[in-house]
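Below is one structure, written out as structure tokens, with a few remarks after it.
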Amino acid sequence: MSSNTDQETAPIAAPRNGSAGSVFRSFGSLFGGNNSDTNTRPQTPQSGDGYVEFGMQNPERSGRTLGTFAGVFSPVALSMFSALVFIRVGYIVGNAGLYITLLQFLIAYGILLFTVASVCAISTNGAIEGGGVYFMISRTLGLEFGGSIGTLFFFANVVGSAMAISGCTEGIMDNFGPGGHFVGDGATLPDGKWWRFLTSSIINTCQLLVCLVGAALFAKTSVIILATVTVSLVATYISFLALGGNNDKIPVPVENTYYNQSTFLPYTGLSANTLSDNLGAQYGHDYTSNNKMVDFSTTFGVLFSGVTGIMAGANMSGELKNPAKSIPWGTLSAVAFTFVAYIILSFLMSCTTPGVTMRNNYLFLMPVNAWPPFTAIGILTATFSTGLSNLIGSSRILEALSKDQVFGSLLNFVLHGTWKGNPIAAVAVSWVMVECILLIGSFNIIAQINSVLFMLSYLATNLACLGIELTGAPNFRPLFKYFTWHTCLVGLLGTLIMMFVINPIYASICIILCLILVIALHLFSPATQAAQWGSISQALMFHQVRKYLLMLDPRKDHVKFWRPQILLLVSSPRSCCPLVDFVNDLKKSGLYIIGHVIVGDFQSVEDVEENQQWWSFLDHMRVKAFTEVTLSRSIREGVQHLTRLSGIGAMKPNTIILGFYDDEPPKDFFQNGSSPYKTDDFNAGEVHNFPIRRDGDPKHFKVQEYVQILCDTLRMKKNLCLCRNFQRLDKNFIAISKHVKYIDVWPINVFNPTSGDPFDMVSLFMMQLAVIMLAKWKHLRVRIFLCETNDERTVGTFDTQSPQMEIFSKLKLQQSLKELRITADIIEIEEWSRDSDFVRHARTLKQYTAQADNTLPEDDDGDETMNRSLLYMQRANQIIRDRSDQTALSFIYLAAPPKLTTKDFAARSASYVELLTELTADLPPTILVHGVSTVTSTTL
């Protein structure tokens with residue numbers, strides 16, 4: 001007779017000797033044992049270095065030299081002034097009117113304020129390194145969202161730099177180009193699309209040179225630049241208040257072809273009538289964008305692009321002495337300062353300058369200033385510093401992305417291109433990207449793209465803070481307390497809505513690009529970073545899963561919604577790969593646990609087996625399962641632990657699956673060259689993880705203990721499945737083969753054949769499993785074999801069954817299948833009723849089984865009874881084999897094992913397994929099934 005392997009059997013591993021190797025190594029790190037990962041060992045602090053003791057670097061030694069004012073307030077204020085303060089506030093007020101302008105500033109700064117609160121909360125919850133917003137988002141939301149948002153934030157800074165350079169170029173041309181304020185009738189700079197691009201490229205190159213010298217130089221000079229811009233702005237305020245109208249002396253720009261250039265634009269000075277005229281919206285044409293019509297979305301897009309600099313301080317986090325303190329206070333004070341400055345400027349413009357002037361000359365501040373060079377200096381310094389700040393920010397984000405290996409080795413050149421801490425290669429890449437954006441030309445178009453990209457990064461920042469706040473993580477204890485989940489939600493919704501208000505096309509493209517990056521990073525990024533940083537998705541899933549598990553009440557279970565919740569007991573994953581893969585299909589979206597028992601004693605355990613290996617095995621197999629490993633003094637005791645304690649709440653296993661107990665040596669699917677599961681990931685030189693029993697090695701437990709495990713499973717009211725011949729299962733072959741056509745169901749208890757209803761609880765459970773697999777193998781058909789038998793009431797009348805009774809039985813089966821909504825072919829088998837010797841042997845086995853159940857006196861001729869029973873099983877096996885040539889999978893009725901109270905249980909157990917061995921010899925992959933619960937329903 002042929003025998004199968006115990007590769008699927010047995011919930012055991014090798015005992016703690018020989019090739020078993022080290023067991024339970026992973027607990028070593030928990031209980032103080034040795035761990036091979038030396039990187040996780042705490043470092044001994046150096047004498048006199050208090051920073052090292054807490055895992056921090058001394059800021060002076062690490063190049064962190066900037067304080068709050070120079071490192072955060074100045075860059076943020078300069079970035080928020082940008083080109084808007086001197087070039088585009090008039091454009092907004094002249095088109096939208098004072099009321100809508102104030103509303104837009106309130107909306108913009110409301111979004112900024114809520115976002116700043118989220119930034120402050122995250123930045124004060126731990127040490128911040130270089131990368132600013134990207135660092136905060138990636139360490140909070142995880143690798144996928146952090147990497148994708150960081151990439152888009154890199155592009156946002158690139159676009160912001162290009163926008164500032166474009167504004168700077170516009171200021172230069174309007175002052176020194178044809179018709180410029182300072183050139184008069186003398187030589188002028190040539191103007192035109194490509195001349196402006198050349199000028200922008202020169203400015204961009206100057207910024208590149210500053211960046212190559214180092215960001216610290218810009219930070220140290222940002223205070224002086226901010227002072228210059230502030231003086232220019234104050235001079236503008238004074239000019240509005242002190243000077244009267246200049247009697248229409250403001251020229252029309254040369255590029256404004258929409259307005260009559262032979263006339264001058266009016267300026268009234270402080271006037272109640274002018275204020276009254278400027279209160280409402282008067283949308284006109286934008287002469288810098290081919291005279292496109294202006295509306296609310298375009299003015300808000302330009303306005304918001306000018307105030308997106310709140311992250312400038314966070315981008316300098318790698319150079320700040322104390323980022324957790326400097327970022328909140330420096331950012332908030334800069335936001336308040338710029339808000340007041342913008343409101344005052346908008347109000348003064350509305351009181352002094354007619355709308356027609358503001359709509360047709362965006363640089364009208366030059367001729368109305370008491371000393372025009374003030375405005376020119378303010379424009380050039382504000383735009384140049386903003387562009388430089390964004391260029392530095394983009395290079396630092398790109399450097400952080402490369403350090404984190406978010407895109408693998410793609411950005412390794414950035415790391416290799418760093419000199420004395422200055423990411424030269426990242427600066428060069430950013431410079432090239434800015435050059436590409438400058439080809440767009442129009443300041444207002446670039447501004448809308450810039451606003452959408454920054455809003456998306458702000459949305460992610462609010463989402464990160466909202467998520468971590470909602471999870472209630474104990475380690476989220478920010479020093480900044482002035483925020484709640486409400487502020488995060490308002491900031492998130494505000495940015496999302498205003499993104500689409502500004503430009504729905506740009507917003508949709510950015511969101512789609514972000515989602516593509518999220519999916520790409522999820523599929524292709526290394527898993528080590530995700531494990532090191534942590535991911536908010538894990539915390540959110542934990543929060544939700546716990547809540548729904550508590551809501552999942554087992555008392556409300558109904559058979560209509562039954563699904564298999566499986567505990568698969570394995571000895572070694574090496575030898576049971578096909579079965580693990582098969583059960584993953586059988587679970588039908590239910591719970592799937594792979595259980596393993598290690599024989600040992602806690603007192604003798606030095607270290608523990610690394611659970612990481614089991615998770616790696618699940619990844620390798622691509623199955624949706626959990627693993628449970630237990631330590632016990634015996635296999636039976638360990639299986640009892642797993643059966644009773646696996647799962648949580650209402651998600652408990654209802655079906656236990658074991659391999660078959662036989663003598664064939666297991667097959668190593670990790671080493672087999674033709675195996676689809678071949679891998680070397682679990683081999684370390686001579687040492688193999690998950691060792692298996694080799695040919696000739698003794699089994700790890702006796703057949704008596706195996707049968708005891710079966711009895712225990714049924715006593716605990718669990719459905720039981722024994723799997724044999726699954727080393728022959730080839731799912732790929734079944735999927736493409738035209739020869740394999742059937743899933744067979746044998747709903748006859750071979751140990752006790754009867755002509756009663758073939759659909760008892762066990763048979764219904766078999767049918768349910770067969771239908772589940774039919775959903776996976778849609779090209780196969782289910783066959784049910786209706787075996788005609790003679791029970792005790794018809795003994796001796798083997799050939800007297802009436803045709804009417806046969807028709808009734810088949811019709812009854814067809815009706816049952818129809819009620820269960822199961823499509824299957826019914827095949828009638830007559831051997832159990834037509835072959836007298838076969839029936840006599842069946843009666844002998846039935847009597848033998850009754851003796852095992854203590855219902856009949858024992859027969860003295862035990863050997864003869866066993867021999868007849870074996871002959872009967874061999875004949876039954878032949879009947880099944882003859883009909884299994886085209887069978888992919890067989891389900892066979894598993895008779896209940898001998899009761900634990902049976903006399904001579906050891907002998908009865910051996911006989912029981914021997915009979916099952918004969919029954920299943922040389923069959924296709926076979927599952928012996930014994931169900932104990934109702935799993936089907938015929939009602940709605």
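Cβ atoms here come from the backbone N, Cα and C positions, even for glycine.
Annotated region 'Disordered' per TrEMBL: 1-21 (among others), in sequence order.
The region 'Disordered' annotation in TrEMBL covers 33-54 (among others).
Summarising the annotation, TrEMBL assigns compositional bias 'Polar residues' to 33-47.
Under the heading transmembrane segment, TrEMBL lists 66-87 (among others). Long-range neighbours of the transmembrane segment (66-87) within the same chain, counting only residues 6 or more positions beyond its ends whose Cβ lies under 8 Å from a Cβ of the stretch, are 160, 163-164, 166-168, 170-171, 216, 219-220, 222-223, 225-226, 229, 232-233, 236, 302-303, 305-310, 312-313, 315-316, 319-321, 325-327, 329-331, 333-335, 337-338, 341-342, 345, 362-363, 365, 375, 378-379, 382-383, 385-386, 389-390, 443.
According to TrEMBL, the domain 'Amino acid permease/ SLC12A' annotation covers 77-567.
Sequence-distant contacts of the transmembrane segment (99-122) (same chain, at least 6 residues past either end, Cβ-Cβ under 8 Å): 92-93, 133, 136, 140, 279-281, 296, 299-300, 303-304, 307, 310-311, 314, 327-328, 331-332, 335, 339, 342-343, 346, 350, 455, 458, 461-462, 464-466, 468-469, 478, 480, 482-483, 487-488, 490-491, 494-495, 498. Marked as transmembrane segment by TrEMBL: 99-122 (among others).
Sequence-remote contacts of a segment are chain residues at least 6 beyond its ends whose Cβ falls under 8 Å from one of its Cβ atoms, and for the transmembrane segment (143-165) they are 79, 82-83, 131, 133-134, 137, 200, 203-204, 207, 305, 308-309, 311, 315, 383-384, 386-388, 390-391, 393-394, 397-398, 400-401, 404, 406-407, 430, 433-434, 437-438, 440, 443, 446-447, 449-450, 453-454, 456-457, 460, 463-464, 510, 513-515, 517-519, 521-522, 525, 529-530, 533, 535-537. The annotation transmembrane segment is assigned in TrEMBL to 143-165 (among others).
Residues 63, 65-66, 161-162, 165-166, 168-170, 172-173, 316, 319, 384-385, 387-389, 391-392, 395-396, 422, 424, 427-428, 431, 434-435, 438-439, 441 of the same chain, all 6+ positions outside the transmembrane segment (194-218), place their C-beta atoms under 8 angstroms from a C-beta of that stretch. Taken from TrEMBL, the feature transmembrane segment covers 194-218 (among others).
What TrEMBL records for 223-243 (among others) is transmembrane segment.
Summarising the annotation, TrEMBL assigns transmembrane segment to 327-350 (among others).
According to TrEMBL, the feature transmembrane segment maps to 370-393 (among others). Nonlocal intrachain contacts for the transmembrane segment (370-393), taken as residues 6+ away from its ends with a CB within less than 8 angstroms of a stretch CB, comprise 75, 78-79, 81-83, 85-87, 132, 157-158, 160-165, 167-168, 171-172, 175, 181-182, 203-204, 206-208, 210-211, 215, 218, 222, 225-226, 228-229, 231-233, 235-236, 238-239, 242-243, 309, 311-312, 315-316, 363, 427, 430-431, 434.
Under the heading transmembrane segment, TrEMBL lists 424-446 (among others).
The transmembrane segment annotation in TrEMBL covers 452-470 (among others).
Below 8 angstroms of C-beta separation, residues 107, 110-111, 114-115, 117-118, 120-121, 300, 304, 451-452, 455-456, 458-459, 462-463, 465-466, 469-470, 507, 510 of the same chain, each at least six residues beyond the ends of the transmembrane segment (482-499), sit close to that stretch. Taken from TrEMBL, the feature transmembrane segment applies to 482-499 (among others).
Per TrEMBL, the feature transmembrane segment maps to 505-524 (among others). Using a Cβ-Cβ cut-off under 8 Å and counting only residues 6 or more beyond its ends in the same chain, the transmembrane segment (505-524) has close neighbours at 143-145, 147-149, 151-152, 406, 408, 448-449, 452-453, 455-456, 499.
According to TrEMBL, the feature domain 'SLC12A transporter C-terminal' maps to 578-662.
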Structural state census, the domain 'SLC12A transporter C-terminal' (578-662) (DSSP three-state): 34 helix, 22 strand, 29 coil
Tertiary contacts of the transmembrane segment (327-350) (same chain, 6+ residues out, Cβ under 8 Å): 68-69, 71-74, 76-77, 80-81, 84-85, 89-90, 92-93, 97-98, 101-102, 105, 109, 112-113, 116, 119-120, 123-124, 128, 233, 236-237, 240-241, 274-275, 278-279, 307, 310, 313-314, 317, 320, 358, 480
Model confidence over the domain 'Amino acid permease/ SLC12A' (77-567), averaged pLDDT: 83
